[in-house]
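Report on the following structure.
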Amino acid sequence: MAETVADTRRLITKPQNLNDAYGPPSNFLEIDVSNPQTVGVGRGRFTTYEIRVKTNLPIFKLKESTVRRRYSDFEWLRSELERESKVVVPPLPGKAFLRQLPFRGDDGIFDDNFIEERKQGLEQFINKVAGHPLAQNERCLHMFLQDEIIDKSYTPSKIRHA
């Protein structure tokens, strides 16, 4: 019984103030996938998504960044992580081959509903991946999230804490 009282006292010795209760979390990583834009014509047509990152994790060089990525960039990231890290990489939302067939009654992979579903799936994917401590050390993840252009000829390596 005495142990319980001591434990309770230890918990209430420091009163919480408003800054503690409503201040920013000690460590955070927020990634939003938004603002899909379809560009190009014919077979050269594709959709890009805005990737916005806000973080205070010291491993990231930028505390806020915005880049645009297409589905094939997510595929590249996934294959790099599978090849170079010990992280179990979640699946991407499906490729939607049937939506690419000609003579469909809708816009196929450029249909607004499909793009919205894919956007949500890509956001879930990147948040799961980037939230993994081992993945946060991979250079390919940092390039994907924060570099305007992905250097696909990079040398795979780990990021060291700043």
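From the backbone N, Cα and C atoms, a Cβ is placed for every residue, glycine too.
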Checking S26, S72 against Swiss-Prot, the one recorded as phosphoserine is S72
What Swiss-Prot calls omega-N-methylarginine, among R43, R118, is R43
Cβ neighbour count (10 Å, all chains) around S72 (phosphoserine) is 9
Cβ density check for R43 (omega-N-methylarginine), other Cβ within 10 Å (all protein chains) comes to 6
For K95 (SUMO2 cross-link), the number of neighbouring Cβ atoms whose distance to its own Cβ is within 10 Å equals 11
Taking every residue in the domain 'PX' (27-151), the average pLDDT works out to 89
